[in-house]
Amino acid sequence: MPPTNGAIGKLDYHPGRPLLQDDDNGEHNSGRPSHGTSYAGSFFEQVAEGIVDRDRRRMRQELIRYLSFAYAIVACLCGGSITAYSLYGHLFQSRLHYSQLRVNGISIAAELGLYLPVPIFGYLCDRFGPGRPSLLAGLLFGFGYLVAAFVYRGGPPPDAGGQGWPFGVMVLAFAAVGMGTSCMYISAVTTCAKNFGRGKHKGFALAVPIACFGLSGMWQSQVGSRILYERRPDGTRGDVDVYRFFLFLGVLLLAVGIVGAFALRIVDEEEMIDEAMEELEQSGLLEDSDFFQRGYGTMNERRHSSEAEADFLRREAEERKARAQEDARKKTWLLNEETRLFLSDHTMWWLAAGFFLVTGPGEAFINNLGTIIGTLYPPATSSTQIPTSAATHVSVVAITSTIARILTGTLSDLLAPATTLHQHRQGPNSLASSLASLPAAPAATRFTVSRLPFLLLFSLLLSLGQVLLASGLVQQHGERFWIVSALVGAGYGAVFSLVPILISVIWGVENFGTNWGIVAMVPALGATVWGVVYSAVYQWAAERGAGRGGDGALEGVTMVEDVLCYGKDCYAPTFWAMAVCVWIAC
């Protein structure tokens, strides 16, 4: 019972009771203790709720980051289907009566679609995020493979004595497949680069999806050769059923692209853009920038003044809209400036030139695996008597390429010397340049190896495989062909892993999609040049009767077999020239 003399009894204090709540007698209780306690409780509750919200938001961001990384791996595991071209390329010759030049023309169309639009797809990733390019990739894959399936089922084209679809339709289909490959690859890799590019394991985070891209050709070729195959009259397993294989790839990749539109997300992009703007502001490179002096500076002042007078001049919705417009304008300007700095750096052009000289020969070897194996033995030799197959060596190339990509990505993270990130943003008047002129403090020494020696070493391994093939070591010895495939696969994979890592380290990840897309264009030219050279040498040797015992013809050879070639002369001149090309790059 409360005291009657006006004093405060111990039972008058009720922790957690709302202010001015009626007591048991119906009177308002507004004593200072409960009032103050309510204020303090409310304050600490807000602090606790803020901490919980912050932790929950951070956990959600990390979950999105790693789920996006996982799906990027899935997308790359499916998106490299074009690397299985050797599995069915030779069937275009025997079933559709295409010449070697036409078979290579299809692969060249795919290569051009794969590499030439990469800057456009990278631009889309940088400006709009990776979701839209992933959806576009699924649509391109679905269209390309479904059209190719029906063209193959239709048989030889009219100009080859058949009544099937024109040759140009197959070229169009594979150009779409190439663009779908490029779009899915760049959306997955850009997601990983931007989500993990500022951490210390950036090499590994990029190497894993790039390695999985090489693995996709391996498992898909095994599905084609071991599940989706034709049966011979005696019931044994024959060649891949190209029609069903194309249908499988079209449906699978369409689904992967659609899911990727929602699963591939970039975390903390606004923070990354703000950090890059601060670095450019401190670099001294923006002293002559009209946008930075007038546009960006004025907007900052307006933002600060608006924040001070927000309660009187603007509603919250208007502030949010203005801030979003400012961020969008700032992001667009920053990415355009990053592109300008990248293109004006002469070291980028040297890197692109070396990439062109190394990747072109590698692409040509992978695309023509099936026809190269066909030249090792006389055309009359049964496929059961040949101790190897195109599917086996697609897998060998994929496995060695994957191992090399993961190995170089991981070792380069562990052994590369500490570098100053974003050196392209350090002007002569920047703080970083001023500090660099001071005497360096003694640091603990550790064993370091730059990424460039890795790049040179694996390029030479690629050329070694080409030399072994050109020397005739594997002619009529198909069991040795794995040595060539392993060396070329390891060199090709390592180069494709190290070059994007170098670009992300030297030129940053804010504009990675566009920067890597520009450099990734050059393999299209290399693959085109060496594909044409290989086809011309192959056709010349076939017409000359290479390896036919000098009589110029084989008894019982049909018109289909007239486009086939056998002997070392079918490929040796091409691969000697390829090896020299790689040596020039080194």
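Even glycines carry a Cβ here, placed using N, Cα and C.
Database features, via TrEMBL:
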type	residues	note
REGION	1-39	region 'Disordered'
TRANSMEM	63-85	transmembrane segment
TRANSMEM	105-124	transmembrane segment
TRANSMEM	136-155	transmembrane segment
TRANSMEM	167-191	transmembrane segment
TRANSMEM	242-264	transmembrane segment
TRANSMEM	454-474	transmembrane segment
TRANSMEM	481-509	transmembrane segment
TRANSMEM	515-538	transmembrane segment
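Against the transmembrane segment (105-124), stretch 515-538 has more CB pairs under 8 A than any other of 63-85, 242-264, 481-509, 515-538. Listed as Cβ neighbours of the transmembrane segment (167-191) (distance under 8 Å, sequence separation of 6 or more from its ends, same chain) are residues 68-69, 71-73, 75-76, 78-82, 98, 102, 105-107, 109-115, 117-118, 121-122, 125-126, 130-131, 133-134, 136-141, 143-145, 147-148, 151-152, 157, 159, 206, 209-210, 213, 253, 256-257, 260, 264-266, 500, 512-513, 516-517, 520. The list of residues near the transmembrane segment (63-85) in space but at least 6 beyond its ends in sequence, with Cβ under 8 angstroms from a Cβ of it, reads 107, 110, 114, 134, 137, 141, 145, 177-178, 180-181, 184-185, 187-189, 191-192, 195-196, 205, 208-210, 212-217, 219-221, 224, 249, 252-253, 256-257, 259-260, 263-267, 366-367, 394, 397-398.
Against the transmembrane segment (515-538), stretch 481-509 has more CB pairs under 8 A than any other of 242-264, 454-474, 481-509.
Proximity of distant same-chain residues to the transmembrane segment (242-264), defined by a Cβ-Cβ separation under 8 Å and at least 6 residues beyond the stretch ends, is recorded for 67-68, 71-72, 74-75, 78-79, 81, 87-88, 91, 95, 129-132, 134-139, 141-142, 144-146, 148-149, 152-153, 180, 184, 187-188, 191, 220, 223-224, 228.
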